[in-house]
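**Student:** One structure, pasted below without further comment.
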Amino acid sequence: MAERHLFTSESVSEGHPDKIADQISDAILDELLKKDPDSRVAVETSVTTGLVLVFGEVSTKAYVNIQQIVRDTIRKIGYTDGKYGFDADNCAVITAIDEQSPDIAQGVDDSLETREGEADPLDKIGAGDQGLMFGYATDETPEYMPLTLVLSHKLMRKIAQLRKDGVISYLRPDAKAEVTVEYDENDKPLRVDTVVLSTQHDPEVSLDQIKKDIKEQVIEAVIPAEYLDDQTKYFINPTGRFVIGGPQGDAGLTGRKIIVDTYGGAAHHGGGAFSGKDATKVDRSASYAARYIAKNIVAAGYAKKAEIQVAYAIGVAEPVSIMINTYGTGTRSEEELIAAVRKAFDLRPAGIIEMLDLKRPIYKQTAAYGHFGRTDVDLPWEHLDKVDELKEILG
């Protein structure tokens with residue numbers, strides 16, 4: 001864009017109903033992978049007042065106690081009181097798990113390439129579904145993520161920390177944040193224009209107290225002072241009351257916060273959610289690989305921001321297409337970058353799994369506060385270990 005403009009991203013807390021569902025699905029996935037790294041998992045979760053429904057398809061040699069995983073996850077989030085309308089010890093947990101369809105399994109177990117006689121073992125696994133996936137990176141923050149989303153996630157992490165540490169005693173687990181940043185003509189962040197933050201709370205506390213505490217202890221503690229000015233607008237619990245929340249206020253479902261999970265609306269999204277899926281599902285693994293590519297391209301100095309698209313056919317190992325968009329900021333042509341990516345990154349499902357070591361139980365930690373740009377946990381797709389290889393290829 002050639003003029004100043006506003007852009008907004010949002011995040012939600014770990015106690016948001018959709019995020020409860022994501023965390024339960026990924027907690028089950030992790031437990032299965034701990035016991036059987038080759039588990040095929042597609043677990044969905046739905047939560048509502050007093051009820052958790054876990055359903056989907058699993059093929060595994062492992063046994064896991066789903067009831068216990070569900071209750072432990074809810075307890076860790078902070079739903080431990082019947083007054084919340086949903087709590088770890090008293091909610092009902094219903095499971096309805098089937099095996100993976102043999103029609104899907106035959107294409108994943110033996111890809112089209114293998115059936116046609118290819119000998120490369122990394123050709124063996126076919127994509128678990130057709131689909132298109134995107135990865136993105138920008139140099140506007142040290143995390144290589146949009147500032148709007150980085151700040152939104154940090155606000156949610158901070159409010160959860162204050163709640164769990166008992167610093168603000170009236171906080172309940174459900175919360176949302178939204179940050180609007182003003183950018184200059186060159187897409188550089190200038191200032192924070194608007195902060196929206198809604199948090200669930202106990203009934204006794206006054207709105208004035210909430211506004212004071214959230215502004216001082218959350219917003220001003222998280223957002224650097226140079227981004228805030230006397231024109232910055234604050235909307236803190238703008239409905240005036242947020243006592244009923246969590247699954248009692250809204251039903252939650254796995255996979256409904258895909259923009260919070262990714263790039264806050266700054267990049268395209270192929271539509272496939274991540275949580276509850278093992279790495280043979282390219283919705284997840286190829287999105288991670290695309291982020292890995294984009295971040296290494298930007299870190300290597302070949303673009304100020306980059307978006308990667310990859311697409312797959314079910315049962316076929318090789319991607320059907322790779323696209324790179326550097327938004328006019330590239331120091332190499334997009335054709336050159338794609339050629340380098342094909343040399344440096346193996347985008348077959350088995351290649352991605354090996355490259356990023358994705359058979360490990362590392363997923364529950366991604367199910368709240370974003371899958372990308374994380375500095376609090378070590379995620380392989382955030383590593384910058386391909387920068388030198390890209391420089392070697394591209395010169």
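Every residue, even glycine, has its Cβ placed from backbone N, Cα and C.
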**Student:** Which stretch, out of 100-110, 111-121, 199-209, is listed as region 'Flexible loop' by Swiss-Prot?
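**Tutor:** The listed stretch tagged region 'Flexible loop' in Swiss-Prot is 100-110.
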**Student:** Listed binding-site residues are Glu57, Gln100, Arg241, Lys277; which of them have CA atoms within 10 A of the CA of Glu44 (K(+) binding site)?
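**Tutor:** So far as Cα distances go, the binding-site residues lying within 10 Å of Glu44 (K(+) binding site) are Glu57, Lys277.
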**Student:** Tell me the Cβ neighbour count for Asp18 (Mg(2+) binding site), meaning other Cβ atoms within 10 Å of its Cβ, over all protein chains shown.
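**Tutor:** Asp18 (Mg(2+) binding site) is surrounded by 25 other Cβ atoms within 10 Å.
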**Student:** What are the helix, strand and coil residue counts for the region 'Flexible loop' (100-110) according to DSSP?
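**Tutor:** Taking each residue of the region 'Flexible loop' (100-110) in turn, the totals are 8 helix, 0 strand, 3 coil.
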**Student:** On the 0 to 100 scale, where does the mean pLDDT of the region 'Flexible loop' (100-110) fall?
**Tutor:** 74
**Student:** Please list, in sequence order, the residues in the chain of Lys257 (ATP binding site) that are at least six apart in sequence and whose C-beta is under 8 Å away from its C-beta.
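**Tutor:** Val12, His16, Asp18, Lys19, Asp22 - these are the non-local Cβ neighbours of Lys257 (ATP binding site), listed in sequence order.
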**Student:** With the ATP site defined by the record as His16, Asp174, Ala175, Lys176, Arg241, Phe242, Asp250, Arg256, Lys257, Ala273, Lys277, how many Å span the farthest pair of C-alpha atoms?
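**Tutor:** Largest Cα to Cα distance for the ATP-binding set is 36 Å.
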**Student:** Report the nearest neighbour of Glu57 (L-methionine binding site) in space among the binding-site residues Ala175, Arg241, Asp250, Lys277, comparing Cα positions.
**Tutor:** Lys277
